[in-house]
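A short write-up of the structure that comes next.
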Amino acid sequence: MATVVTEKLSRLFINVRQVPQLLAPLSPSTVSSSEVPKVFWKPYIHTGYRPVQQTWRYYFSTLFQQHNEAINVWTHLVATLILLLRFQQLSRRVDFGQDLHAQPLLIIIVASITYLTFSTLAHLLQAKSEFWHYSFFFMDYVGVAIYQYGSALGHYYYAIEPSWHEKIKGFYMPAAVLLAWLSCAGSCYAKYRYHQSARLLSRLCQELPSGLAYMLDISPVVHRIFTAPPSEQADPALLYHKCQVLFFLIGAFFFSHPYPEKWFPGKCHFFGQSHQIFHVCLVLCTLAQIEAVVLDYESRRQIYSTLQGDLAHNFSALCLFTVTCSVLTAAYMARKVKNKLSFKEE
């Protein structure tokens, strides 16, 4: 009996000693920018990159490792989990299946979860190869387009005042669809066509459509903020709307400007990058926005039911159209990338 126990303990000890060897392939150290293709380079970030051409298992395992995308992954992953819990809470008191006027609320929640999930996957898995780097970020841009449409719909359906609705009802939603798709297409094209050497052209392709989309999408909220009588200034929904605008504008600044890493080149490899600050601001914007829309859904039914009538199904169809156009655009650009990389290898 003692011999059997001794043999089992010996085998267990040998297996324990083998654990580092088993895990070693999953955790190669991060590398410098010179060891990855230029497409992965970030301004003023010189190291902290993950090596390319590792297994998918390795890239999933980096969720729990330190690298220059770790904060970007976790900010949107945590926000996704928060929204999933919020959606579970709402589903207990909102009849998303039977209440026609709850469909836009469902769309904006699902759109928010979608863009956060796609962003999480993009930042986690894009280091696999050049092709997957492009493909995952194209998918990320699809998520952004869906979220832009969901935001436009939520603001137009629930937050808008009758006076502003009368002025923009003829073009607002078609324009929201067009600008959401242009945002996706422009971002995909900028990613495919331009690199850091063409920063201005890249920003024009990516940020101009997104900026126009935001100005249109947020217009019902801005109009309501500036026209609300003093008695409504303390409305909780309005306060959340003000917060979402503030967080978005701060986030937009850090998305467009590489601070603070530009001030401290070589010091922000893992923490303190502008894109990380942008992620945090965008998460706060989204969470505030969802709370504002939920409060508007619950308190403004008499207003939006009169304004929107039975158009919710039409808006759901427009959402499906936006998704289809964006997915097809991203798939087309991914195919162009594949052809380009194949030609380069030849």
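Glycine too: its Cβ is placed from the backbone N, Cα and C atoms.
Listed in TrEMBL for this protein:
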TRANSMEM  70-85  transmembrane segment
TRANSMEM  105-125  transmembrane segment
BINDING   H123, H275, H279  Zn(2+) binding site
TRANSMEM  131-150  transmembrane segment
TRANSMEM  171-192  transmembrane segment
TRANSMEM  315-334  transmembrane segment
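Apart from H123, H275, H279, the residues listed for Zn(2+), the same chain places the Cβ atoms of E69, I71, N72, V73, T75, H76, S119, Q273, Q276, F278 within 8 Å of the centroid of those Cβ atoms. Within 10 Å of its Cβ, the residue among the binding-site residues H123, H275, H279 with the fewest other Cβ atoms is H275.
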